[in-house]
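What TrEMBL records for 3-121 is domain 'Response regulatory'. Here TrEMBL flags Asp54 as 4-aspartylphosphate. Marked as domain 'GGDEF' by TrEMBL: 165-292.
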Amino acid sequence: MEKVMIIDDSPIDRKMIKLALKSKLPDIQLIEADHGKNIEEILYSQKVDVCILDIMMPERNGLEILKEIKEKERYRDIPIIVCSGLYDCDILEKALELGAHDYFSKPLGKKEISISLPLKVKNAIELMKWKEKILYLSYHDVLTGLYNRRFVEEELIQLDELEKFPISIILGDVNGLKHTNDVFGHEAGDEMLKRIAHILQKECVNGRVARYGGDEFVVLLPETNIMEAKKMIESIKDHCITQTKDSVKLSISLGCAMKSKGKKSMKRILQEAEDMMYNDKLQYRQIYQTNP
């Protein structure tokens with residue numbers, strides 16, 4: 001279901017816009033914001049497809065909000081339809097320069113509210129769908145369908161800014177992938193990675209699971225403490241043991257770290273998780289050498 005956010009300080013205008021859109025586009029979900037505060041957080045949590053933005057609002061200027069959204073790489077492709085009660089060519093030109101997708105004027109006439117605006121939103125949704133297909137390929141790993149390294153690097157910056165504490169990170173490195181590739185072939189190795197990916201997704205339901213490199217995986221866990229992350233690690237390892245089959249042993253070394261406020265960057269927390277993972281990897285090698 002596509003989500004359209006209406007950012008307008010006027011409850012009357014918001015109601016008119018909602019009624020018009022629902023009459024022509026009944027399947028969309030509408031999200032309302034009566035001011036320009038916390039817009040980025042709403043975009044992040046709600047995964048908005050299209051914005052309708054009032055330029056003239058008392059608390060925050062719509063052009064400032066437009067500029068703020070377009071400066072963020074994650075949100076800059078969201079089509080933004082601006083509206084204003086002042087037909088000022090300079091303002092509209094500025095909005096288009098900042099990246100507005102389209103515009104309409106207030107007061108909302110019968111024809112515009114019933115036909116033109118829903119059509120503008122429908123076109124914007126179609127554009128967003130096309131962009132999302134490209135975006136999906138940019139941020140996802142082809143083999144596993146998980147997020148990729150680029151997503152993780154951008155998400156770390158995002159989490160630093162949003163400060164959804166505590167934030168935990170799990171970093172994992174698959175054990176024995178090279179051996180599996182050498183002995184059973186790369187198809188078996190690929191299957192091994194896909195099975196590990198499935199386990200991570202199942203055990204970390206609220207996390208953002210990514211394939212970070214060839215045999216490395218990362219799980220980003222906003223609002224998750226270190227004890228919860230450690231329990232997930234135990235569940236992942238137990239699940240791997242039960243899923244071992246066809247002589248291909250599923251095993252992954254895992255480490256975790258947590259940020260609970262403070263000045264540490266999320267990249268530093270990732271490094272700490274990697275250090276813990278290497279400790280786990282060392283223990284695995286010692287056990288494997290003793291019991292090959």
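Glycine residues also receive a Cβ, built from the backbone N, Cα and C atoms like all the rest.
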Seminar exercise, completed: When pLDDT is averaged across the domain 'Response regulatory' (3-121), the result is 89
Problem set entry | All-chain count of other Cβ atoms within 10 Å of the residue listed as '4-aspartylphosphate' | 24
